[in-house]
């Protein structure tokens with residue numbers, strides 16, 4: 001069904017980040033029609049993630065201003081460009097910052113969920129076709145972000161960056177499967193491949209850390225140790241599968257030694273869900289000699305480096321990283337939505353606040369106060 005706006009420029013509301021650390025403002029933005037291989041999506045719900053804040057803060061070397069941030073969302077296809085066959089107007093979709101073209105060296109390798117097709121464009125805030133933005137305000141271009149830009153009532157994405165999902169799924173909930181929840185679950189299931197009976201340590205009990213706990217519980221982990229400097233998070237974490245808690249502030253010894261002592265030599269798997277390089281070292285060094293695996297999930301600030309003694313690795317520990325939990329976006333996000341509909345994974349429980357796009361600055365404040373897991377913004381109000 002063709003929409004009445006197909007082929008036309010749409011003027012809509014979007015939250016524009018004009019410069020680093022300056023509050024975003026709601027603006028009337030012109031969104032151009034999709035070109036070949038592109039999809040224009042009406043965003044209905046978008047959540048906030050720490051990655052959005054990281055770029056907005058000015059610490060991201062790839063951060064470009066002015067831009068429209070946002071990458072965890074859900075909506076409905078408004079129109080498609082030439083050659084787009086996998087989605088059509090009216091389809092319910094989740095935009096995916098991790099593309100999946102199924103044709104590049106990465107996609108064909110069978111070894112990774114990374115995709116090389118559009119990264120050269122999305123990394124600099126433009127679309128592949130003409131290396132230009134589809135967003136503008138009175139003729140002035142506004143950069144895209146992560147190939148998604150979901151803090152807008154309409155966005156344009158590459159067709160390799162959009163997953164068609166079951167229309168029965170509530171978009172205000174499954175939008176979370178566009179980043180945080182999927183990342184945590186996949187870190188356990190795909191990257192670490194945690195087995196039943198394993199002892200797991202999770203550093204950082206935000207949305208991603210709690211999703212790691214949920215994944216570890218479903219994998220049959222025998223002990224799931226949550227580590228956070230905010231003890232208020234511990235009650236909530238129990239609901240996601242965490243069995244015991246450690247606050248590093250309560251101990252004089254280095255946290256890795258505390259965990260090693262608690263676990264008869266170390267954990268089988270650890271997950272760093274903060275993005276702090278010193279914590280990444282602790283997470284590795286609390287792993288058991290001979291077989292312990294540590295997965296870096298959190299994104300550290302640009303230019304920071306990790307370090308440990310080589311002996312840690314020589315004696316059998318493994319250090320790994322994960323992006324989007326190792327999930328192939330277009331193929332597996334629809335599968336995750338089905339798991340949610342079958343009540344096999346939690347999603348609703350991560351949504352602690354619901355607001356409107358116009359409240360975006362207040363929502364970012366909440367994210368930083370620590371009492372908020374995911375705040376979902378409705379764009380149509």
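Just so you know, glycine gets a Cβ as well, placed from its N, Cα and C.
Source: prediction; values computed, not measured.
Take the Zn(2+) 1 site that Swiss-Prot assigns to 71, 72, 179: the candidate from 49, 96 listed for it is 49. In sequence order, 99, 100, 102, 103, 105, 106, 108, 114, 116, 117, 160 are the same-chain residues whose CB sits within 8 A of the CB centroid of 101, 104, 107, 115, the residues recorded for Zn(2+) 2 being left out. In this structure, of the binding-site residues 104, 107, 115, 179, 274, the smallest number of CB atoms within 10 A of the CB marks 104. For residue 71 (Zn(2+) 1 binding site), the binding-site residues whose C-alpha atoms fall inside a 10 Å radius of its own C-alpha are 51, out of 51, 115, 209. Distance noted between the C-alpha atoms of residue 179 (Zn(2+) 1 binding site) and residue 209 (NAD(+) binding site) is 13 Å. Separating the Cα atoms of residue 51 (alcohol binding site) and residue 299 (NAD(+) binding site) is a whole-number distance of 8 Å.
Within 8 Å of the centroid of the Cβ atoms of 49, 71, 72, 179, where the record puts Zn(2+) 1, the same chain has further Cβ atoms from 47, 48, 51, 52, 70, 73, 97, 148, 150, 178, 180.
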